[in-house]
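*Asks:* Provided herewith is a single structure, encoded as structure tokens, for subsequent inquiry.
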Amino acid sequence: MIPNLLMKNRTLNPRICFALLAAGLLHVLLFIAPTHGQTVVALDDGMERIVDKNAKIEKLASGFAFTEGPVWNSSENYLLFSDIPANTVNKWTPDGKVTPFRQPSNNSNGLTYDRVGNLLLAEHSGRKIGMLRPDGTYSTLVDRYQGIRFNSPNDVIVDRKGAVYFTDPPYGLDKAATDTLGFNGIYRFHKGKLTLIADDLFRPNGLALSPDGKTLYLANSDRPKKYMKYPVAKNGKVGQGQLFFDATSLQGAGSPDGIKVDVEGNVYATGPGGVLVINPQGKHLGTIVFPEVPANLAFGGKDGKTLFVTARTGLYAVEVKIEGLR
């Protein structure tokens, strides 16, 4: 009924909006109706504090195979991102140039910097977390759990104490591989010690920490499409996970994938329909819509208010109002 109604009413009629709002169905309207180029779909007044309703999506570069894992280099003012099938880490500079930064990259996905400037790479074909030092030397940070190689590390972050967290789904795993763990894990690696945080998610993917470091957010890409949260104690021990936001019912292409957090604790997560903005209490404030399906994202720019988004064949950016954690 609602889809048919909307097909006949291409412009959002205020009376229809009011009726649906009263019935608690306005969110359905917003995700089914054509946006006519609308880039920000607000579901709550709080979205206006996050991003302007008329925010412009800028396409920075295109022509890639599948972009992922952006990370901003604050000291040298550039962005790195992976092109997984091309086996390349690319470098984007504010003058608009894109150049290969590391090739081959072992089909890297997620990228991050540690506290001393080393670039950490979640490598699919390498089945490990690699480390590239500022002087160009490279080594393996960690590649096995209890003597068995990882599946294909997907995303990686570092906390304020230098602990490394990463996910290990099988997306980049060779189907012929026999030396597999038999589960898809979430790990913490610190001072040479590897700890399995959880092994009960079907497809653990992107992850991020809250500003105070007390909450670990994690995206599960399928069965069901949801975002989890885990308490993190002062000693680094990670507790039992709880549902943060269930995106299973949302319309639109895409699945939970990359996650980032701003300084106020709002969560920005790629998922069905675009980049979802969720407040710390788990309320979906709205969605930023992109021309292609987003995979991952990173805050950057001189003030930390540029949200860079990797989306299939392109690299995009949008300006937001709150500084992001980098």
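Cβ atoms here come from the backbone N, Cα and C positions, even for glycine.
Pulled the feature table from TrEMBL, pasting it below:
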type: ACT_SITE; residues: Asp257; note: active site, proton donor/acceptor
type: BINDING; residues: Glu68, Asn154, Asn205, Asp257; note: divalent metal cation binding site
type: DOMAIN; residues: 66-311; note: domain 'SMP-30/Gluconolactonase/LRE-like region'
*Asks:* What's the CA-CA gap between Glu68 (divalent metal cation binding site) and Asp257 (active site, proton donor/acceptor) in angstrom, rounded?
*Replies:* 10
*Asks:* Least buried of the binding-site residues Asn154, Asn205, going by other Cβ atoms within 10 Å?
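*Replies:* Taking Asn154, Asn205 as the binding-site residues, the minimal 10 Å Cβ count falls on Asn205.
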*Asks:* Given the recorded positions Glu68, Asp257, which one's Cβ is surrounded by the fewest other Cβ atoms within 10 Å?
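*Replies:* Fewest other Cβ atoms within 10 Å, among the recorded positions Glu68, Asp257, is found for Asp257.
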*Asks:* Using DSSP and collapsing to three states, where does Glu68 (divalent metal cation binding site) fall: helix, strand or coil?
*Replies:* strand
*Asks:* According to DSSP, collapsed to three classes, what secondary structure does Asn205 (divalent metal cation binding site) have?
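*Replies:* For Asn205 (divalent metal cation binding site) - judged by DSSP and reduced to three states - the answer is strand.
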*Asks:* Taking the Cα atoms as reference points, how far is Asn154 (divalent metal cation binding site) from the residue listed as 'active site, proton donor/acceptor' in Å?
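*Replies:* That separation, Cα to Cα, works out to 10 Å.
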*Asks:* On the three-state reduction of DSSP, what should I expect for Asn154 (divalent metal cation binding site)?
*Replies:* coil
*Asks:* May I have the list of same-chain residues other than Glu68, Asn154, Asn205, Asp257 whose Cβ is within 8 Å of the Cβ centroid of the recorded divalent metal cation site, in sequence order?
*Replies:* Gly69, Asn109, Gly110, Asp155, Thr167, Pro169, Tyr171, Gly206, Ala219, Ser221, Gly258, Ala295, Asn296
*Asks:* Report, in whole Å, the straight Cα-to-Cα distance of Asn205 (divalent metal cation binding site) from the residue listed as 'active site, proton donor/acceptor'.
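*Replies:* The Cα atom of the residue listed as 'active site, proton donor/acceptor' is 6 Å away from the Cα atom of Asn205 (divalent metal cation binding site).
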